[in-house]
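According to TrEMBL, the protein carries these features:
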- 3-111: domain 'Acyl-CoA dehydrogenase/oxidase N-terminal' (DOMAIN)
- 115-209: domain 'Acyl-CoA oxidase/dehydrogenase middle' (DOMAIN)
- 265-363: domain 'Acyl-CoA dehydrogenase/oxidase C-terminal' (DOMAIN)
- 532-633: domain 'Acyl-CoA dehydrogenase/oxidase C-terminal' (DOMAIN)
């Protein structure tokens, strides 16, 4: 599969490199080159996911590879993008054999161009309120009404049109999807200029336009079900993340005589953390579609987080450079202008942020919890002494081979257990004990010491450690060295973390130590960081669950709090961030340095925002110990402190991934181990 995807990626790059186009931001909306589209078609790169007889037979993951390479290059793909992304798949799923035969070959050949006739003046986000009507006329239909903000209608050969075909009190019923010929009598296209004075929006008027009966997509009246399914295709792709990627590439490949601001490293590293994670989320959406699902919730999360990311690229570009956007300019200044003028539309088109949050509030993807995590949940639900239970069951020895006195299993299993403990708000040193035991085989607690040096059996380091007195000794771990110190030999300043757990700062100024061998290729500090990211994830899951229960059961103004849109949207924001951290933390289990740094950098953002929103939604109850919320939020804050500031991790990730655009792209498109 990997070789097949690499070959496909190479095919796209060869075409892009040979074409000689000028990269643009938002190219999938604004760039149109019919001959480029035809060349893509000749190479079999349109309709990849369709049935084999139609020239497809590939996965949605394969299509993602093709589209992300085109977006990376800012290629002129507007002639086929909408048709390939959602109209073709909709016809494959729901169209009649006659409709498939009439339309799909033309799309696959790059000859048919589609626009989307969805939004209307009085039916934008409220799509089910469309007023365009279709009435029967012999063996066909007459369509009358109007659509607005219709991208590319002035270039399109055909339109997808959502129209009302029945009268009912339920606005979601009686809707039907049509394929309409834009050259048919009665179609009028009126241009609408955007912020930059460009013409890609249109108003489209239909005056008794005849549509043959075999141009209906699916069943009459089933349009709402079909259109919500179709929106998964529209919202679940990388075009909701990479619209401004050419601008980001311009930041990474700067001429030496135009250096970036001193704040660039952490800012670009923070963007890289989000991009790596969003791309993995997009892969999971593609895999869900390959499995036959319509992942509406996951796609809504991706679009909400993705369009925020591509907008933030513009803000970072303005912050770390001194260049000024130049309307229709060349080079970086031109890209900055394109991106800045397009950015207000990112969080509107394809579903506004508010509509996406409504979708997430109703269809939030549930946490992906494995068998071990579910088993741990069952145990922890009734445990009174969590750490004693964990040690009795051998959880602190998971990841250590049974032949070495451990419990067997792998690092991913240990991460599931750590996450489960936090999901039940248990602040225990499961991660610290397990990492120490994996290296020494004996009880101790591990602590990261960034400046650890060992010379002649003596150690120099300053480190913060949790639960220092649990076994009387601490294992200090660096990137490739570890040393065990006795507390009686070092200066100890004891204190407590925000979750109430015992902590201490150790000053090891030449203290005697037992040097512990670190196996080649192992990075115990990275393992501890990833386990802490899973602690944060578990605490986020617990905070989301508790908040959801509160706003569902708590009534104000005569109804449950979650019936208030503002409340539902804040809860949905929490769920989006939960998904983001879940993807980042699970991707880091393979311990690739970029993935570890990305997960660590994201903990800060997620922990702070989730805790703030959870307390806000709980109201006064949430800032007291009458509610269990404090057990989750203090654990979140404490874990965030243990991992360290996001700026440090983002700067580290910048050093790993941002040596140039090629370096970043290679990191982004390399999937985590095990995926």
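Even glycines carry a Cβ here, placed using N, Cα and C.
Within the model, the domain 'Acyl-CoA dehydrogenase/oxidase N-terminal' (3-111) carries an average pLDDT of 95.
In the domain 'Acyl-CoA dehydrogenase/oxidase N-terminal' (3-111), helix, strand and coil residues by DSSP number 73 helix, 2 strand, 34 coil. Ranked by the number of CB pairs under 8 Å to the domain 'Acyl-CoA dehydrogenase/oxidase C-terminal' (265-363), the listed stretches 3-111, 115-209, 532-633 are led by 532-633.
Remark: secondary structure over the domain 'Acyl-CoA dehydrogenase/oxidase C-terminal' (532-633) totals 87 helix, 4 strand, 11 coil, with classes taken from DSSP. Remark: secondary structure over the domain 'Acyl-CoA oxidase/dehydrogenase middle' (115-209) totals 3 helix, 51 strand, 41 coil, with classes taken from DSSP.
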